[in-house]
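For reference, TrEMBL has these:
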{"type": "DOMAIN", "residues": "6-85", "note": "domain 'GST N-terminal'"}
{"type": "DOMAIN", "residues": "90-212", "note": "domain 'GST C-terminal'"}
Amino acid sequence: MAASGENVQLLGIVGSPFVCRVQIALKLKGVEYEFVEQTLGQKSELLLKYNPVHKKVPVLAHNEKPIAESLVILEYIDETWKSNPILPSEPYQRAMARFWSKFIDDKVVDTTWKSVFTVEEEEREKRIEELSEALQFLENELKDKFFGGEEFGLVDIAAVFVAFYVPLFQEIAGLHLFTAEKFPKLYDWSQDFLNHPVVKESLPPRDPLFAFFKGRYESLTASK
């Protein structure tokens, strides 16, 4: 719980997978905060003040001290509020959690986007193959109920993109990027993760998000 007198703000856009990560972590820790909603495509004065380098969300402001970048914010939250640890205590396991979280950003997020929203067919097929390879690495890495063991942790929170957003994008494009047949362990993990009460309460509404990206996809394919 945030201590009395603490001021916690989260600057974000509803539907952003990176903002969703932070919301899950804050919910898990029981931290009360103010959600300062930003407008897509616009940079508020507060956002420019708190994140002048990247000028993007999420930004966590704790007693007016801003922290940017979702994975950095998750570690800050874990170090500041000690209940329900997000990172393992053992140094090697902590390093591995950081590795796989960054792997998701480097090899899954952008590749998924390009698999769906790339017009050029050859380039799209290449990205789909890269995504399949990345998801196979995650499938192989999953040894327990969650990446964090019996309770979810840093990698699981980072992988909310895999559990919630990849199925949304593949439905929009009519693709089969992430299925129970291709990745049985990862698929079962995604269902357990999405049905966890903390995660369930932190996810954005699916229908408006689907409609928004479906519109973008249809505009893109219409221009081919």
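All residue numbers here begin at 1 and follow the chain in the order shown.
Glycine residues also receive a Cβ, built from the backbone N, Cα and C atoms like all the rest.
Helix, strand and coil content of the domain 'GST N-terminal' (6-85), in residues and according to DSSP, is 30 helix, 17 strand, 33 coil.
With helix defined as DSSP H, G or I and strand as E or B, the domain 'GST C-terminal' (90-212) counts 89 helix, 2 strand, 32 coil. A mean pLDDT of 97 is what the model gives for the domain 'GST N-terminal' (6-85).
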